[in-house]
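Have a look at the structure below before the remarks.
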Amino acid sequence: QMNANDCHDPPMYWTIHGLWPDRAEDCNRTWHFNVTEIKDLILDMRHYWPDVLHSSQNRTWFWKHEWDKHGTCAATLEVLNSQKRYFGKALELYHHVDLNGCLLKAGIKPSSSYYKMTAIKEALTTFYGVTPKIQCLPPEEGEKAQTIGQIEFCFTKELQLVNCMALESNPVQAHLKLGTSELSVCDDTLPTYYPPEIQ
């Protein structure tokens with residue numbers, strides 16, 4: 001998919017998927033995405049929140065989608081009540097969490113050998129003091145390992161880290177389909193593949 005969309009050098013670091021309010025009811029669907037409102041953030045957005053699946057001249061499809069679906073709901077919080085604040089705060093939280101640095105410090109890096117999911121969970125919980133939600137692509141036919149695909153951090157309304165519940169509190173959230181597989185909460189018992197650079 002990425003090749004078809006001229007993403008020839010996918011980032012070699014964790015990027016942002018979105019900032020999603022849970023159980024939000026007050027979404028303003030008439031509040032349309034306007035890229036000029038985040039022009040000061042564009043360089044950071046392209047780096048830390050890239051759209052690798054949709055080729056378009058300015059690659060803003062992903063951001064528009066995230067704003068329409070989640071940002072317009074998140075805007076009920078004063079700290080997120082504009083496009084600039086919503087995207088800016090997501091970038092700020094990304095840097096604060098520093099998932100790339102944390103995993104490296106814990107010795108967890110892309111590798112052709114497998115990890116135990118419990119070891120990855122333990123490292124993250126020790127580092128952050130909270131339990132994130134780790135999502136995987138299930139093993140493909142004839143394979144035994146799941147592939148780590150997404151790590152979700154949960155925050156209070158005050159944007160403090162908090163434990164994520166293991167259960168999908170909102171099934172709509174697991175909407176990222178990669179190829180034909182869908183992400184779901186990782187299985188603790190399966191070996192886990194954290195893929196190195198695609199050759």
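Backbone N, Cα and C atoms are what each Cβ position is placed from, and that goes for glycine too.
Caution: TrEMBL annotation is automatic and unverified by curators.
Residues annotated as active site in TrEMBL: H17, E66, H70.
Known features from TrEMBL, placed on the structure.
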residue : record      : CB count, 10 Å
H17     : active site : 19
E66     : active site : 23
H70     : active site : 21
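With respect to their backbone Cα atoms, H70 (active site) and H17 (active site) stand 11 Å from each other. The two recorded residues, H17 (active site) and E66 (active site), show a Cα separation of 8 Å.
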